[in-house]
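Record features, source TrEMBL:
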type	residues	note
TRANSMEM	A:18-36	transmembrane segment
TRANSMEM	A:68-95	transmembrane segment
TRANSMEM	A:116-135	transmembrane segment
TRANSMEM	A:155-176	transmembrane segment
TRANSMEM	A:188-207	transmembrane segment
TRANSMEM	A:213-233	transmembrane segment
TRANSMEM	A:254-275	transmembrane segment
TRANSMEM	A:314-335	transmembrane segment
TRANSMEM	A:376-393	transmembrane segment
TRANSMEM	A:399-417	transmembrane segment
Amino acid sequence: MFAAIARVFRTPDLRRKLLFTLAIIAIYRLGVYIPAPGVDYSNVQQCLAAGNTTGGLYQFVNLFSGGALLQVSIFAMGIMPYITASIIVQLLRVVIPRFEELHKEGQSGQAILTQYTRYLTIALGLLQATTLVSLARSGMLFPACDLPIVPDDSIFVIVLMIFTLTAGTGLIMWMGELATERGVGNGMSLLIFVSIASGFPSAMGAIATSQGWGVFTGVILIGVAVIALVVFVEQSQRRIPVQYAKRMIGRRTVGGTSTYIPIKVNMAGVIPVIFASSMLALPSMLVQFNTGSDGTLPGWAMWVQTNFSGSSPLYMATYTLLTIGFTYFYVAITFNPTEVADNMKQYGGFIPGIRAGRPTAAYLEYIISRITFPGALYLAFVALIPLVAFVLINADQNFPFGGTSILIMVGVGLETVKQINAQMQQRHYEGLLR
Amino acid sequence: MDVIKLVLQILLGITSLLLTMLILLHKGRGGGMSDMFGGGMTTSLGSSGVAERNLNRVTVVLGLIWAAVIIGLGLVMRFSIES
């Protein structure tokens with residue numbers, strides 16, 4: 001293992017890529033600690049120390065930005081606008097026929113779609129920056145803290161802050177793209193990985209100090225078990241055998257090989273969980289907006305607050321159902337059996353025992369819907385871990401080992417190691433992991 | 001002190017706008033969401049032309065100026081509070 005790591009650094013090409021990625025990550029983390037202009041840094045720190053943030057959606061977004069959001073730093077938006085933009089563009093494929101056309105066009109169409117995503121990212125970044133700055137200005141960001149976060153709130157400074165935060169969003173996006181292009185792994189997902197991982201030590205420390213070392217050890221053990229489970233399920237796939245007919249193209253024989261279509265148990269990744277939790281954050285946001293100035297709540301808001309806050313059974317049930325529903329929805333969007341069947345037919349491939357064309361599509365659809373069921377249950381289970389932990393040991397909502405964070409961490413980690421492996425096998429035949 | 005602050009603020013506004021524009025000029029890499037968490041093949045063609053390389057350089061320089069101006073503004077603010 002260690003010899004393999006040493007070998008990674010002895011390969012000049014790979015070393016350059018790794019160092020580039022590390023440099024990008026370092027710049028990103030550095031930017032998280034630079035406050036946006038106009039923000040009083042010491043006041044923000046005092047408010048942060050006082051705790052009691054608004055929770056809910058902010059907590060979730062804060063997780064993705066690695067704590068930058070609540071510090072109102074120049075990278076406060078983090079990678080979230082890009083994630084939202086790419087989800088929106090992907091979903092619009094179902095709604096707008098032109099997007100679907102572009103997607104099918106191959107490389108050039110994809111490039112145009114990516115360009116749309118980038119414009120949308122800047123637009124969303126502008127929107128979210130405006131929201132954040134107005135929240136910070138009115139003191140809504142830290143309701144329990146009455147120190148002014150933005151001391152000089154003239155319109156000029158406010159506009160300047162919004163511009164700076166938007167430029168920060170763009171810069172993060174570009175850094176992610178650079179890391180994808182010249183570094184190891186996918187830059188965007190690595191930046192998310194770093195943001196989430198940076199919250200780990202403090203979360204673990206909080207558990208250790210508030211719950212004692214016994215609970216701490218328990219949490220670590222559960223964490224290792226969950227990671228093992230996630231790795232196991234992420235790697236498991238069903239292989240549908242495909243036989244390609246031998247053909248003559250010119251003077252060459254093509255095909256005649258047998259391969260397989262790998263169908264992962266969890267094809268949807270973490271996105272259903274992200275969807276479900278952001279959907280469920282909406283009711284509590286509504287409550288927040290409807291809270292009167294003296295802290296009283298209308299009747300329905302009371303009901304929502306008791307039934308849709310973290311640990312209530314109704315919340316958990318809705319969360320599970322939404323996650324399962326979104327898993328099916330997302331798999332249906334990303335994997336199109338008819339398209340795959342048509343492609344196979346075009347290149348003379350068939351699944352042994354199944355006729356090409358429509359029977360193949362039906363067969364693929366049958367397999368997909370069956371294999372997605374355990375995948376959806378697994379996703380719901382992993383997503384519920386932090387909620388259950390919340391009840392059992394009174395942990396923070398951002399319980400480190402569970403839900404979105406663990407899925408993203410493991411997913412990104414596996415992907416990156418796989419890419420390093422592939423790079424190494426070009427030279428040495430022996431990868432980082434066997 | 002106020003003059004320095006104003007100059008820096010105007011500079012920051014200009015660089016922020018320029019930086020956003022320049023970043024949008026770049027060709028996007030990576031294919032979005034399915035690429036990020038779903039795995040899949042990223043075929044990054046490493047052929048970036050001269051224009052792209054110059055654009056990279058300009059963006060990096062502008063980014064550095066942007067960061068320096070922000071840090072400068074922070075310092076100005078810090079010292080103006082203390083004095």
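Note that Cβ sites are derived from N, Cα and C of the backbone, with glycine treated the same way.
The transmembrane segment (A:188-207) and the transmembrane segment (A:18-36) are in contact, since at least 3 Cβ pairs between them lie under 8 Å (pairs 6 or more apart in sequence). Sequence-distant contacts of the transmembrane segment (A:314-335), counting only residues of its own chain at least 6 positions beyond either end whose CB sits under 8 Å from a CB of the stretch, comprise 90-91, 93-94, 267-268, 271-273, 275-277, 279-280, 307-308, 368-369, 372, 375-377, 379-380, 383-384, 387. Outside the transmembrane segment (A:116-135) by six or more residues, the chain places 69, 72, 76-77, 80-82, 84-86, 88-89, 141, 150, 158, 161-162, 165-166, 169-170, 173 with a CB less than 8 A from a CB of the stretch.
Tertiary neighbourhood of the transmembrane segment (A:376-393): same-chain residues 207, 211, 215, 219, 226, 229-230, 233, 265-266, 268, 272-273, 276-277, 310-311, 315-316, 319-320, 323-324, 327-328, 399, 401-404, 406-407, selected by CB-CB distance under 8 Å and a gap of 6+ residues from either end. Taking every listed stretch (A:68-95, A:155-176, A:254-275) in turn, the largest tally of C-beta pairs under 8 A with the transmembrane segment (A:18-36) is reached by A:68-95. Long-range neighbours of the transmembrane segment (A:68-95) within the same chain, counting only residues 6 or more positions beyond its ends whose Cβ lies under 8 Å from a Cβ of the stretch, are 28, 31-36, 39, 44, 48, 53, 58, 61-62, 103, 113, 116-118, 120-125, 128-129, 132, 136, 141, 149, 164-166, 168-169, 171-173, 176, 188, 191-192, 195, 271, 274-275, 333.
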